[in-house]
Amino acid sequence: LLQDAQKSSVLNNDVLGAFLQSRQVAGLSRPIVIQFWHDMVLDSSNATCVFWKPGPAGTGSAGSWSRDGCKTTHAEGTVICHCDHLTYFAVLLLQVNVLSPAQLASLTCISTIGCSLSAAATLCTLLLCCFFSTPCPPSSCRQRLRDNTVWIHVHLLAALLLLNCSFLLSTLLAAGSKELCQFTAALLHTGLLCALAWMGAEAFHLLLLLVKVYNIYIRHYLLKLCLFAWGLPVLAVVAVFVSKRDAYGYHTISTSEGYGNTTIVLSTRCWLTSRSAHFATLCYAGLILLFNTLVLGRVGMILRRIRQQTGQARKDWVTVLGLTCLLGTTWGLAFFSFGVFLVPQLYLFTILNCLQG
């Protein structure tokens with residue numbers, strides 16, 4: 001009775017029954033309100049109001065929990081159920097954490113070490129690019145595009161450095177004040193959006209170099225890329241931070257023991273707390289990664305045709321494979337976090353992306 005087929009469980013093992021002896025009550029125009037108190041960290045993603053629905057007579061089934069006719073709202077320390085009928089009610093804790101505490105701890109360790117190495121390598125490469133790169137005189141449109149390549153790399157390096165450093169600070173500063181944590185979360189969000197934008201800029205630049213090779217001239221080309229890849233993300237984050245500062249704050253990484261009745265907090269960091277902002281970020285990343293994947297596919301087709309004609313495109317293939325790191329195609333693994341792919345995807349995503357720098 002207290003667990004469903006998905007190994008979810010009932011909050012505090014509390015089940016409340018409400019009935020009228022004379023008749024069955026259903027389809028109420030004004031729902032009844034039932035409150036369940038708790039001392040856990042819950043939201044609509046892992047706690048929902050349900051009622052017990054008996055199985056059909058003669059089938060041998062005792063029944064199951066159902067959400068039909070019930071809506072769930074949350075207040076501090078309380079789950080509030082609004083249901084349009086009378087029966088047995090409970091709050092079902094969904095078993096959403098399929099990783100053990102050891103796995104989550106190892107992923108945290110990998111990401112911390114990888115981001116530290118990436119930050120150091122990115123900083124060194126950034127300094128080398130700044131001190132030893134001397135652009136050649138632009139003798140042609142194509143030469144001008146090639147001269148801009150190193151500066152696009154420099155901006156991507158700067159964005160990755162910001163992303164890695166703010167990620168590392170997001171854990172350290174989570175123990176500080178709420179305002180400091182909100183600022184750190186906004187900085188981390190900015191680093192992520194800018195890094196993805198510069199990966200998109202890398203794909204656009206690659207498209208110009210290898211596909212649109214004739215008579216290409218874009219006035220203030222690098223400035224326009226900076227406005228897109230730095231300006232738009234910063235403007236978006238500032239707008240969210242000013243209008244809805246609570247969208248940033250403390251984000252707890254936890255797992256459950258005993259099918260959700262005991263919560264083990266593994267770490268706390270500063271990150272997005274708004275579901276709408278999180279969803280918008282996923283859509284933004286998905287569009288950029290889709291564009292980058294299409295560009296890589298187009299470049300691959302061109303190089304295959306060149307290889308069939310000349311047989312000398314092996315070096316270009318190696319170059320494009322190297323550029324897949326710059327274009328961030330490995331970030332697309334985030335969209336495969338379901339089912340049997342979840343655990344290997346999380347390890348691959350963590351290892352490949354935290355070492356991108």
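Even glycines carry a Cβ here, placed using N, Cα and C.
Curation plays no part in TrEMBL annotations; they are all automatic predictions.
Here is what TrEMBL says about this protein:
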- 1-99: domain 'GAIN-B' (DOMAIN)
- 107-357: domain 'G-protein coupled receptors family 2 profile 2' (DOMAIN)
- 150-174: transmembrane segment (TRANSMEM)
- 186-209: transmembrane segment (TRANSMEM)
- 221-242: transmembrane segment (TRANSMEM)
- 277-296: transmembrane segment (TRANSMEM)
- 317-343: transmembrane segment (TRANSMEM)
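It is 186-209 that, among the stretches 186-209, 221-242, 277-296, forms the most Cβ pairs under 8 Å with the transmembrane segment (150-174).
Here the transmembrane segment (277-296) has long-range neighbours at 189, 192-193, 196-197, 199-200, 202-204, 206-207, 240, 247, 320, 323-324, 327-329, 331-332, 334-335, meaning same-chain residues at least 6 beyond its ends whose C-beta is under 8 angstroms from one of its own. Per-residue pLDDT, averaged along the domain 'G-protein coupled receptors family 2 profile 2' (107-357), amounts to 83 for this model.
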